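Engineer: Handing you this structure, nothing more for now.
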Amino acid sequence: MNIVMMGPQGSGKGTQADLLAAKLKIPTVSSGALYRKNISQKTKLGLLAEKFTQKGVLGPDYLTNNMMKEELIKSKYKKGVILDGYPRSLNQVKFLNNYLKIDLAILIDISTQETIKRLSGRRVCSKCGQTYHIITKKPKKPGRCDKCGQKLIQRVDDYPQAIRQRLAVYRKETKIVLDYYKKQSKLLKINGEQPIARVFKAILKKLKNDYL
């Protein structure tokens, strides 16, 4: 079974992708992880991708598509895969259709207010990069990293205005993808503002009723 997992930053789609992968015993592929892997391994595509990530912008479709193609042709994905963060444009959807038949697209949906609440609460260690949250993952000592004791900071990307800007771009980009899967009756919309276990239960219920 081939599944696309969608949702804005902070929606928990990565967590749900991992839970579902363990349940269905199929691997996940995250576009973000794929970028980091190619960059760290200094592949031809990775060197190109690094130029875009250094500017803080998404790589173009042709770059992401080719990374995905190189990954998805591997034999370990023959029984199915869960795609996290891909496709994000109609061009990517059309490219993906040449290599994979998507059975279901799952949207983990949360409001702008909830996204800001979740992301603006993140704090990062200024030295080791360990992440915390002022509500859900507090450090033992306020403002200090549990691992190395250094000061925790809020990244500029996690300021409310920056989050709103990213969300606006995300919603504009992905609307056409959501519409595409909706027209094919393949879109499952889940309220992501519920507890993790309840979100997962809703996904499994749909799968058991229609696919398993």
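The backbone N, Cα and C atoms fix where each Cβ goes, glycine too.
Curation does not apply to TrEMBL; its annotations are automatic.
So TrEMBL lists these for the protein:
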- Gly10, Ser11, Gly12, Lys13, Gly14, Thr15, Arg122, Thr131, Tyr132, Gln194: ATP binding site (BINDING)
- 30-59: region 'NMP' (REGION)
- Ser31, Arg36, Gly85, Tyr86, Pro87, Arg88, Gln92, Arg155, Arg166: AMP binding site (BINDING)
- 121-158: region 'LID' (REGION)
- 122-157: domain 'Adenylate kinase active site lid' (DOMAIN)
- Cys125, Cys128, Cys145, Cys148: Zn(2+) binding site (BINDING)
Engineer: Tell me, what is the mean pLDDT of the region 'LID' (121-158)?
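Structural biologist: PLDDT averaged over the stretch: 93.
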Engineer: In terms of Cβ proximity under 8 Å, which residues at least six beyond the ends of the region 'LID' (121-158) contact it?
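Structural biologist: Same-chain contacts beyond the flanks: 166.
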Engineer: What's the CA to CA span in angstrom from Tyr132 (ATP binding site) over to Gln92 (AMP binding site)?
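Structural biologist: Checking the Cα atoms of Tyr132 (ATP binding site) and Gln92 (AMP binding site) gives a distance of 33 Å.
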Engineer: Report, in whole Å, the straight Cα-to-Cα distance of Gly85 (AMP binding site) from Cys145 (Zn(2+) binding site).
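Structural biologist: Here the two Cα atoms lie 29 Å apart.
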Engineer: Across all protein chains in the structure, which of the binding-site residues Cys145, Cys148 has the highest Cβ count within 10 Å?
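Structural biologist: Counting every other Cβ within 10 Å of each candidate, the maximum falls on Cys145.
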Engineer: Can you tell me the CA-to-CA distance separating Cys148 (Zn(2+) binding site) and Arg122 (ATP binding site), as a whole number of Å?
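Structural biologist: Distance between the two Cα atoms comes out at 18 Å.
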